[in-house]
Structure formats: structure tokens, C-alpha cells
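Structure, as C-alpha cells:
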Amino acid sequence: MTERQQRPIWIQNISQLVTLASEKKGPRIREEMKELGIIEGGSVWIEDGVIHDIGTTREMILKYLSRAEEADIVDATGKIVTPGLIDPHTHVVFGGSREHEFEMRLEGASYMDIMNAGGGIHATTRKIRALSEEHIFNQTSRRLDLFLQHGVTTLESKSGYGLDLDNELKQLRVMRKLHEKHPIDIVPTFLGAHAVPEEYRGNPEHYIKLVIEEMIPAVVEEDLAKFIDVFCEVDVFNPEQSERILVAGKNKGLIPKIHADEIAENQGAFVAAKVGAISADHLLKVSDEGIQALANSGVIACLLPTTALYLGEKPARARDLIDAGVPVAISTDCNPGSSPTISMPLVMNLACIMMKMTPAESLCAATYNAACALQIEDRVGSIEVGKQADLVLWDVHNHQKLHYIFGVNHVKKVWKKGVKVVG
Ligand SMILES: N=CN[C@@H](CCC(=O)O)C(=O)O
Ligand SMILES: [Zn+2]
């Protein structure tokens, strides 16, 4: 059955329809992050894959009773509906796993020690280079199923485990195929500057030349990425190199993002502000001045609390960022080293528990502001007439409970473009 021929879906008696709708366009800051546009006793009519109408169940019965027989009716008594979650920072296309590094870290090794000794990103790079496209596709597709079961309907995915022309393109082509075949929408980011590969050790400038002169043009030529990212970190790419790579990408039409101030303060926030990045991600060690630079330039802070937890680091300063007027998004950072998780609901719980964000701020950060970090807020991230019908039905009475009870998957049903894909 094509999308055109689908029966309409009518969700009724929703305890809270959490729309995130607002007059405000663009990323939300400060108090705006708490405005959830809740309709108590809500109802949604979905038709042709889009949100056709919303209101209270009482209003919607008056409007749609005569068409009730055409529709598949869902009774959502005692449950809430939110926009599909959006994960704006993942490394979900990877091969193998790194549990031995987890044990090494438990015994005292640091993330950077392991990477500098040829593990970490380099270990996953060896895997990606060795595995076939088909194998990587199948492994990632199973991971995407789990994301979907946990309420994620769109995610960003970075390359950065190929670290040579062929294998970076291989990773990005897998993303394109997954985007076509899997219900989850994938927004691709080129992260060729994730590490200096082992064969260029001691020669970063030669690798940067390859990224700028060969990889970026090839990625753009095949239209394989929307964003460009760089791991701006002590012992990886310094601020000047990071800026050069991001500007080269920007000049070819890619939108900059940056791994900023994750392990050490490394001027990442300033680079983000200078190049006009859409987001600066991690920010565990950002300085007060760095926060101000982000606020002044409207860069979105994408915070990754599971990474801080997993690496045993202090969480990012979400409160200071929000108070300074920086829009905040949150993400899993799904990767095999510093955050092997697929759970945005866990990230939302931890945004509250570790970073003292309120449930409302957390939900905004995982939906609307996350959509802004991917520049797709015109079609997803909130429940508004005409937007894509990407919705989650949660088995909780109110949105606070979603954040309050943790370690449980509250997802009951998920619709992607108006098609039920979970439940
Ligand atoms: N910090 C750099 N990149 C990832 C980790 C990648 C890996 O360890 O494989 C991150 O965002 O945490
Ligand atoms: Zn990352």
C-alpha cells in the first residue's frame, strides 16, 4: 500500500499532547525551552503521512465524527504523545565493539591514552576498513531498530571511522542506503577529521591536505553529507587546523559542526563561533568565555550526558549555557568507545539528573532544538499541522514522568511519516 492510500490515523484521549509548537522560529533559548505547547486531553488526525489536524479530543470529535469509519482509531487514555525524538550527534555506523577498552578504562587508562596507543577511534577504523559495505549496513540497521524502539525517528550520523578517501565514502554510502531502506531518517555528516590515521602519525598536515583537497570535494560531488565536523581536541586537531578544515567544507557548501572542548579546553567554542557552526558538541570543559562566544553567535550547544557518565567526567554545564542564552540540544553520541548506547530516553533522564535541566527543557532539547541542530525544524521536531507525522506514544501520564522514571523504555507506539513502525 502506498503512503497515499493509507487510512488516516486518529489518536484520541491523549492525556498530554506535547506539541512543542510555538510562534518562535529557530532554536529556543532560556524560558522558551520550557514552552511545550501541551494540549491536555488531546487528539491528532494523521493523513497522507502528515499531521492533518490537532486539538482537544472534544473539538476533534465535533470535526471528524463523520469520518471516523475511514480512520484507524488509537485510544491514548493515560498516555502522552510527543514528536519523534531526534538524535543530533551519533557515530552509529561502526563495526565491531570495544569492550576490552571499557575494561582498560575501569583499570585506570584514559580515553586519550587508549587512542594514542592505537586503540579507540583507530581500532574502529581498522574494522570499518576491513568490513564489507553489506556487513556494516546490516550491523547498523539492527542498531537503528533499537533507536526506533526507543522513540527516535531521525538521527544524525557521522563518518570518521574510514579516515581514507574510499572508506570515508564507504561509510557515507552506507548512511545513504540506510536512509533509503530504514524507517529512520538519517542526516549525514562528514567527519574525515575525526583523528589523524595511524599511517599519517606525526604528519597531520599531510592528512589535512587529503581531507581538504580530496575528501571534501569527493563527498560534495556525490552529495553524501549535509554537515562537516572535526574533533578539535588536544593531541587530535588544534583550533587552527580545525578552523581550516571547517572553512574548507563550508566553502564547498557543507555546514560546520564541531567536537568542542570534550576532553580538555581547546578553544573549540571559539572556533565554532568564528566559523558560524550550527552546533558545538560535548563542551564538557568549555570556559566561561567560550560559553559567552557561543551565546553571542547563536551556536547551538549539543550536550552528551551519557558520554560524560561513561568517561567518568563532570557533566556539561547545561544551566550556565541556558542562563547565558545558548540554545541546548541533547544527544546519545552513540559510538563504540565513549558512549555505547542507543537510548535517547536515558539521555533525557540524565539531562535532568546530571545536568539539572528540567523535564520540559530536556524534551525541547531532544526534539525541537535537536531538529534545529540539523536544520530540519521546518518539517520535524514539533507536532504542527503540515509537519511530518513522526510521533511517539509513551506509556506515562505526563511528560515529567517520562524523565522521572528511568531505566525503563516507556515507548508504546511510534509512527514515522504516518506509518506505525513500533507497537
Ligand atoms: N570524541 C570523539 N568522537 C566520539 C568518540 C568516538 C570513539 O571513541 O569511537 C565522541 O564524540 O565521543
Ligand atoms: Zn562524537
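First residue shown is number 1, and so on along the chain.
Heads up, the Cβ atoms here are built off N, Cα and C, so glycines get one too.
What TrEMBL records for His89, His91, His259, Asp333 is Zn(2+) binding site. Counting only same-chain residues at least 6 apart in sequence, those with a Cβ under 8 Å from the Cβ of His89 (Zn(2+) binding site) are Glu156, Lys158, Lys257, Ser279, Asp281, Cys302, Leu304, Ser331, Thr332, Asp333, Ala373.
Feature annotation from TrEMBL assigns Fe(3+) binding site to His89, His91, His259, Asp333. When secondary structure is read from DSSP and collapsed to three states, Asp333 (Zn(2+) binding site) falls in the coil class.
Under the heading 4-imidazolone-5-propanoate binding site, TrEMBL lists Arg98, Tyr161, His194, Glu262, Ser338. All protein chains included, His194 (4-imidazolone-5-propanoate binding site) registers 24 other Cβ atoms within 10 Å of its own Cβ. In the three-state DSSP reading, His194 (4-imidazolone-5-propanoate binding site) counts as coil.
The N-formimidoyl-L-glutamate binding site feature in TrEMBL is assigned to Tyr161, Asn335, Gly337. For Gly337 (N-formimidoyl-L-glutamate binding site), the number of other Cβ atoms no farther than 10 Å from its own Cβ, over all displayed protein chains, is 24.
Feature annotation from TrEMBL assigns domain 'Amidohydrolase-related' to 80-419.
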Least buried by Cβ count (within 10 Å) of the binding-site residues His91, Arg98, His259: Arg98
Mapped DSSP class for His89 (Zn(2+) binding site), helix or strand or coil: coil
Neighbours of Arg98 (4-imidazolone-5-propanoate binding site) among the binding-site residues His91, His259, Gly337 (Cα to Cα, within 10 Å): Gly337
Chain-internal residues, separated by at least six, CB under 8 A from Ser338 (4-imidazolone-5-propanoate binding site): Tyr111, Thr307, Tyr310, Leu311
Candidates Tyr161, His194, Glu262, Asn335 (binding-site residues) - the one closest to His91 (Zn(2+) binding site) by CA: Asn335
Integer Cα-Cα distance in angstrom, His259 (Zn(2+) binding site) to His194 (4-imidazolone-5-propanoate binding site): 9
Cα-Cα distance linking Asn335 (N-formimidoyl-L-glutamate binding site) and Tyr161 (4-imidazolone-5-propanoate binding site), given in Å to the nearest integer: 11
